[in-house]
Amino acid sequence: MESNKSSSHGDVSTSPSFLNNHHQFNNGGDIIPKKKKNRIMHVGSYEVGKTLGNGTFGKVKLGTNICTKENVAIKFIKNNKLSGKQKETCFREIDIMKLLDHPNIVKLLDVVDKREEEGTTYLIVEYVSGGELFDYIVAREYIKEKEARKFFRQMISAIEYCHANLIVHRDLKPENLLLDSNGDIKISDFGLSNNIQPGKLLESFCGSPLYAAPEILKAEKYLGPPVDIWSLGVIMYAVLCGNLPWEGDSQAEISFNSVHGNYEDPTHLSAEAVHILRRMIVPNPKDRATIQELKNHPWTNIDYQEIPKSHLPPRDAVHEIKEDIFAHLISLGFPNTKETRDIILKNENCGIVNVYHLLLDRYASKEVENLKSKLELLSKRKKSFSDKRNPSTNSLASIPEDSNDLSSNNNNNQQQQNSPPSKTNSSSTSSSNRESNNNSPSQGSIKEISLDELDNHIEQLDNDIENSDNNKSSSLTRRSSDPNKDIENSLKAQGLFSSYSAPGVPNSDHNYDFETYQQQQQYQQQLHQQQLQLQQQYQSQIQSDISFPHDDVEIESYSIQQQQLQQQQQQQQEQHKEDNNKPNTNLRRNSIAVSTFMEDEPNEMPINNLYKMNEQIQQQPIIGGSGNVMRSQFNQTLPTIDQQPVIEAPKTRRMSLDSRMLNGDQQSLVEKNQHMASPRTSKGIFKSSTTTTKSPEKTIIELKRSLEESGLFTKKKGPYLFLCFDEDNSVKFQIEIVKICNLDLTGIQLKRLSGDTWKYKDICTELVESMKL
């Protein structure tokens, strides 16, 4: 695009190319800047929507499946902005999430890798609409033991599942614990997770200092599972108490208490709750509780009949190790020894066996998907092969039913005579292949079939299709000097005929009356002459500029000409209907009737009708921006009889804004405004920080008053949405007024966007308490 240079007077360049690219003109010649089109981005089969937040490696946007309309979360990973260590961490997260399948873990649905084209990798993950557990805590100040026990059991189940598969999370905190629409926990963000290698210690410093175990803060080598147990204990303390266990006047004092596990027991909790917290928040990892102890703790199973499920599927023993899966297992860091193979074959209850079975399940699912795609490709190839062997009917022509077998036999005889013996053999081979294809898994009963056999099957079908195309093309190599005859002959070879010609008469049909054929030829010539006259009159009217007559004489002559045209067309229709009503036993069923210039039945519309419809559509008045009525000129003339007609769909005119408003967009615009005039509806009250019986309008007034008194920087993002920022603490969050579904209540939802979590909690608590609800 050319750069816009400014002249000495500061005017922007108005070159024709610039104006054409960036502006459009109205009737008065004024420049109207073009509106930017909202381009919809697609990633795979998902439509990208609004931004949900920022993840560890990039933005997270809402996605919608084009077919199922299911919502997903799409993580954008810009590979060129990641360091070598970050790339390793990122793709390790992808490998780990591919292996996990647990109801309380966010599921990775798909990976769209476009590193070579766009330098971006897209992770399609499960969309969790309930927000963070931390926001849920802020909304209630703290959570009662009964509800906290439900969350705890779900977290134990997910963590045990990870540890059993030799995966440690290492970054458990309330911000990475999400709530779905049913209020269940979903563990997310496995960016800092790692594989637990038997006999090896981890040494990476990672996680949040407030939730990290003492061995990580002291930069010691550590085991994986005890680290997650410590973080789980700190999370449960925050859930039950609404604040962290570490207190102090300075950051150094807080860090000291965190490393040594110094905290006071909350007085409002039961003895069982205090005890289970003390078993998890233990500085020495060797003395810290295990998952099995927590599952069987009395507090965990109050009001429950059984301990939390791990959702580990039963594993059958394997009798043979697949080398490709074993190589993948070794790439994850497991030892390549005979002992590892023996453990897998013995099916011992250990992490190596679980990881091997996870990889085995993953490879099996891939093979199933490949098999499905191969079967779909096979069915498509077979369909295209049958379509080429048996050409279907045209929208303007149909093959007579009585001549199907006869015409196909004639075509086959011609192909066998003109083709060499090798091609004849290939055709017989293809027929045998088609018989064998009827027993394929795509049509008959499901049989065991390998991918190699499917590939050979598809390759054979391709050869058959190519041979059939060569046979068809060789039968049409001879062409006469007349191009119209060439077209007619090629159509007759397939049983199809031009819409200007009479019904085709194959040479082998002796039942067809020759006198009837001559009568139809004469009738065809008469129709052609009448159509030529109408075309000449119509073209002369176009050339004489009949745009809207201004004088009365011109209006009268114009109306007379239109009446004459209509009378001639009506006469043609009546004459054609009389001819059609005459009984004729020699005519075949479903033969191609010669259509008149204005046919009533849409299924037998001639080509001239399509051009006529095109002209009528283009001549309809279009409401412009100034309200004037305009006429569009014809860009193409009607085809003559000698020309082979090219069938085109009628061009639909682009509707102006006024005409769209008249056609119903105005009502949708009103409905949209009505939707914006009311607050969003929220399912349940657990997402709201507080509720009130006041109307949304009165709640807005009270919220504005509290925001003015708080001194927060506030920006209104919508009728019921506010963006708030605390400059002192660098905390950014949003407040939204919602309607509670099925309840006559108004809710206030708070969501942290950035900044320290516990400073955000203090600000929100103070703000909600100042509101008189």
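For all residues, glycine too, the Cβ spot is worked out from N, Cα and C.
The feature active site, proton acceptor is assigned by Swiss-Prot to Asp171, with sequence analysis given as support. Sequence annotations record features per position, and here Swiss-Prot assigns ATP binding site to Leu52, Gly53, Asn54, Gly55, Thr56, Phe57, Gly58, Lys59, Val60, Lys75 based on sequence analysis. Residues or ranges marked as compositional bias 'Polar residues' in Swiss-Prot: 1-27, 468-478. The annotation compositional bias 'Low complexity' is assigned in Swiss-Prot to 405-443, 561-573. For 46-300, the entry in Swiss-Prot reads domain 'Protein kinase'. Look at Swiss-Prot and you will find 724-773 tagged as domain 'KA1'. As annotated by Swiss-Prot, region 'Disordered' applies to 1-32, 382-445, 462-487, 558-588.
Structure coloured by features recorded in Swiss-Prot.
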{"residue": "Leu52", "record": "ATP binding site", "DSSP class": "strand"}
{"residue": "Gly58", "record": "ATP binding site", "DSSP class": "coil"}
{"residue": "Asp171", "record": "active site, proton acceptor", "DSSP class": "coil"}
Tertiary neighbours of Val60 (ATP binding site) (same chain, Cβ under 8 Å, six or more apart): Thr51, Leu52, Gly53, Asn54, Ala73, Ile74, Lys75, Phe76
C-alpha spacing of Asp171 (active site, proton acceptor) relative to Gly58 (ATP binding site), in angstrom: 18
Segment-level pLDDT (mean, integer) for the domain 'Protein kinase' (46-300): 88
DSSP helix/strand/coil residue counts for the domain 'KA1' (724-773): 14 helix, 22 strand, 14 coil
Listed recorded positions (Leu52, Asn54, Gly58, Asp171), ranked by Cβ neighbours within 10 Å, top entry: Asp171
